[in-house]
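Trainee: From TrEMBL, for reference:
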TRANSMEM  A:33-53  transmembrane segment
DOMAIN    A:91-285  domain 'ABC transmembrane type-1'
TRANSMEM  A:93-118  transmembrane segment
TRANSMEM  A:130-150  transmembrane segment
TRANSMEM  A:213-237  transmembrane segment
TRANSMEM  A:263-285  transmembrane segment
Amino acid sequence: MSVLLESSSTSAAMRRNFWAGVWRVMKRKPSRMVGAVLVLGFVFMGVFGPMFYPAQLPLDPTRITAPPSWEHWLGTDDQGRDVIALVVTGSRYVLLAALVTAVITVVVGTGIGLFSGFKRGRWDNVLMRLTDMKLTIPGLPLLLVLSTVWKFSSAIQMGLVLGLLGWGGVARAVRSQTLSLRERGFIEAARGLGLPTRHIVGKELLPSMAPYIAMNMLIAVTGGVYAQVGLFFLGVLPYESNNWGQMLNTAVFRSGALQVPSALGFLIGPLLAILLLTLAIVLVVDAMDEIFNPRLREE
Amino acid sequence: MVVIARRLAGHLARGVVMILVVATISFFIVRSIPGDPVAANVQKLVQQGMDQQAAEQATRVLYGFQPKGSLWEQYTQYMSGLLRFDLGQSITHAGAPVTQVLGEAAKWTVLPVLVGTLLSFLVGILMGVYAAIKRSGKLGDVLAISGSLLHGIPQYVLGLLLSAVFATLIPILPGDGPVDILFEPGFNAGYIGSLAQHAVLPVLTYALASYGGWILAMKSSVVTVLGDDFILAAELRGMKRSIIFRYIARNAILPLFTILALSLGLLLGGAVFIERIFNYPGLGLLLLDSITMRDYALMGGAFLLITVSIIVANILADLFYSAIDPRVRSGEEVSS
């Protein structure tokens, strides 16, 4: 009993230390706080944003691709809808698809990387050949070619396809981490004790790689956003629902936002959203890097 | 030497397998496109008054495989065409062979990519060294964050922003097409000047999009080398800073040459966005147009060419690396 109490109190202390460390890292560079706030803002926008607007955004035929004004801060689109409203309502599709992409990328990538690095031998060879092959085939051209056969009709399907095409990098990285970790003392000790593989992988390997995996997941979110917005922007996918890529496509190729300055707001809206999301994730990853790699905290 | 030859043989074998895999993928995609474009083409020709056999023959030339027969027969026919560099004919380019259309487009992609990448490589490396040495200072921090940001922003966002600013808001640079049609093609000042002017924004986009990656890669490479024993030893021996600096730079730059070769291969495929935004008639735009026009033979060819360029870049990168780094040459399997 006392042993149990002791261990739980040390882990509570560790947790407290951890959060104190997080706070210290955040405080040292306020830019990281901005990143965290922005990420939360995007989550809020994706979850609750569309609720603030009617299902059918009000059209204003007298203001078609109008420049920014007091009522419409970033102007209107080619049907007279407010650009900011479009960005907010369009965020759900984009963020949901990106989340699905990231989860699949990380789960499949981590699974294959762990298995390959831990088992070594023949399975490792086969899996890594496969991973190399995936990494060699250029992603965007493959997606473009696939778009002739697949329709990526919902956000979840889109995320599924992007995730299944995107795990290569994570698998390679996790494998090399596993290879270096399995030679460390604590893993060798666990193996020497004859603990089952499930225990070693689940209780020893995974926790020490968790921060690394979390960072990869955040990066995969941005990758998912870029890929799908890019596909919609290029116009190879059918118009599904309002989303940022669709906005870019309409702005550039239908409203001539690159020729007529009055339509620029229509272009700037989604671009700004993508830029802010990138900034947010870069800042948060930077902070995480320092929290989990104490060696980077140089004086 | 023997080691290098063995590596080369291994790479070539793997490259050939990859090309076969990608060719297979594009074959099956064309076969599984809804509406069966191959059969539709035969039917169209028959309706235009051609007899069945001639229509099938014409379709074979167009798509590179027999419209009839089992999947396996069609596949072997397609693959044997591939061995003869016969990728079929383009529907949209007045029936020109796909290989010829690809060659035309490739030159518009290769030159801007090359210039943009080399430019960003040089600037990025210099900034990377600086960011590594001053990594505790404000400036180093700013450089590193700007590197991560530029590395993170997708190409199309950069391209659209540059186009919006320099071609629309302050129209000082052309943002559309590869050259002004006013000029007679050839070696005259007007034509070349126009070519160069039109290339500025696409090249700048390539350069900015890859520059962040170079800073980050060089910074981490330099930081690793800084921790090496031989640098410490050099410092203890009281060597001049400039010599130590040369030690650092020379050792840190090695891994980056590999990435350089790889990125040259990758950019050929990533050119799609930039070429679409600036209406630049390279391989990326060709691939995109072939998809919207349903020109499947051309689509498969462009996809194959982009992949082959990546495979070749991979092989070159590895050979180059083993040629300049003695550790790789002698050790073969240093670490797995």
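Think of each number as a place in line: the chain as shown, counted from 1.
Cβ from N, Cα, C; glycine included.
Help me understand the surroundings of these features in the structure.
Mentor: Under 8 Å from some Cβ of the transmembrane segment (A:93-118) lie the Cβ atoms of residues 42-43, 45-46, 124, 127-128, 131, 155-156, 158-160, 162-164, 166-179, 182, 197, 200-201, 205-206, 209, 213, 216-218, 220-225, 227-229, 240-245, all in the same chain and six or more residues away from its ends.
The list of residues near the transmembrane segment (A:130-150) in space but at least 6 beyond its ends in sequence, with Cβ under 8 angstroms from a Cβ of it, reads 112, 116, 161-162, 165-169, 171-172, 227, 230-231, 234, 236-237.
Tertiary proximity for the transmembrane segment (A:213-237) is limited to same-chain residues at least six positions away from its ends with a CB under 8 Å from its CB atoms, namely 94-95, 97-103, 105-106, 109-110, 139-140, 143-144, 147, 151-152, 158-159, 162-163, 166, 170, 173-174, 206, 243-246, 248-249, 252-253, 270, 274, 277-278, 281, 284-285, 288-289, 292.
Long-range contacts of the transmembrane segment (A:263-285) within the same chain: residues 31-32, 34-36, 38-39, 41-42, 65, 67-68, 72, 74-78, 83-84, 86-87, 90-91, 215, 218-219, 221-222, 225-226, 229, 244-245, 247-248, 250-252, 255-257, each at least 6 residues beyond the stretch ends and with a Cβ under 8 Å from a Cβ of the stretch.
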Trainee: Please report, as numbers and ranges, the same-chain residues at least 6 past the borders of the transmembrane segment (A:33-53) whose CB is under 8 Å from any CB of it.
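Mentor: Residues 26-27, 85, 88-89, 91-92, 94-96, 276-277, 279-284, 286-287 contact the transmembrane segment (A:33-53) from elsewhere in the chain.
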